[in-house]
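Trainee: Look at TrEMBL and you will find H95 tagged as active site, electrophile. Per TrEMBL, the feature active site, proton acceptor maps to E167. Annotation comment: TrEMBL describes N9, W10, K11, G173, S212, G233, G234 as substrate binding site.
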Amino acid sequence: MRKPLVAGNWKMHGLRADIVELVDGLNKADLPDDVEVAVFPPFIHVERVVGALSRSDIKVGAQDCAIQPGQGALTGEVSASQLRDLECKYVLVGHSERRLVLGESDQVICDKFVSAQSAQMIPVLCVGETREQREAGETFEVVREQLGAVIDALGVQSLVSAVVAYEPVWAIGTGLTATPDEAQAVHAEIRALLSGYSKDLAEEIRILYGGSVKATNAAELFGMPDIDGGLVGGASLNADEFSTICRAAGCK
Ligand code: PGA
């Protein structure tokens, strides 16, 4: 039985006062017991969020980590070991904004995946196609390649302590959402692909959907059999809306 995960990706949002207000809202939020909840603040706010959360049922993650796991000479980067020291449990890896805007390659993504795990954190590996790729009928191929890059380099067992997030790029921050059927089809494809390697892994791994998840569409998306929660951007910046989304992932 997979416990759903709802992850709030705050991206590059929030001044100190905004973060205090958001965490205050989360501290008071009505969150379900049968859903794991995590928030991913910008690096500069991670320690503040860990300190200000008055409840242990909200985990904290980071949006990125350096390619090398330990401390060292890598100006501007933050290592997985430093994030672990701040009590981060998860790290996003391969978010499309990093793949496409910052040019992260599959090799860099694999290195970050390894770094996260070597610091005892759980990577959330993001995959998803662009609008052009979907229109060209390449969705499954793109997702298979992105997952395959990690499996080929690190072995399928590396996914045992990882989460996958399917995020169609055309749905991120656009207000366009994949329909529950469209999302389910890709999630089922990912699970089938993994099942070819290990039935247990395929059964146990959580596959989140991301891309304009809102309070109004979360229940329908999370109701699909292979969708195990969500990676939520914009709507996670409002504690009330985010907690509604978390509740929608419960009682499956
Ligand atoms: P969105 O972002 O919910 O604002 O579309 C999702 C994400 O990029 O993780």
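Each position is counted from 1, following the chain as shown.
Heads up, the Cβ atoms here are built off N, Cα and C, so glycines get one too.
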Trainee: Count the Cβ atoms, other than its own, that fall within 10 Å of the Cβ of N9 (substrate binding site), considering every protein chain shown.
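Mentor: So the number of other Cβ atoms within 10 Å of N9 (substrate binding site) is 27.
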Trainee: Tell me whether G173 (substrate binding site) sits in a helix, a strand or coil according to DSSP.
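Mentor: In three-state terms, G173 (substrate binding site) counts as coil.
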Trainee: Going through the binding-site residues N9, W10, K11 in sequence order, which have a CB under 6 Å from an atom of ligand 1?
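Mentor: Cβ under 6 Å from ligand 1: N9.
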Trainee: Among the recorded positions K11, H95, whose Cβ has the fewest other Cβ atoms within 10 Å?
Mentor: K11
Trainee: Name the residue among the binding-site residues G173, G233, G234 whose Cβ has the smallest number of other Cβ atoms within 10 Å.
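Mentor: Across G173, G233, G234, these binding-site residues, the one with fewest Cβ atoms within 10 Å is G173.
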Trainee: Give me the sequence-ordered set of same-chain residues, not including N9, W10, K11, G173, S212, G233, G234, with a C-beta within 8 angstroms of the centroid of the substrate site's C-beta atoms.
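Mentor: Here the non-site neighbours turn out to be H13, I172, V232, A235, S236, L237.
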Trainee: Whole-number Å only: compute the distance from the Cα of G173 (substrate binding site) to the Cα of the residue listed as 'active site, electrophile'.
Mentor: 13
Trainee: If you count Cβ atoms within 10 Å of the Cβ of the residue listed as 'active site, proton acceptor', leaving out that atom itself, what do you get?
Mentor: 27
Trainee: Using Cα coordinates, what distance in whole Å links G233 (substrate binding site) and the residue listed as 'active site, electrophile'?
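Mentor: Rounded to the nearest whole number, the Cα-Cα distance is 11 Å.
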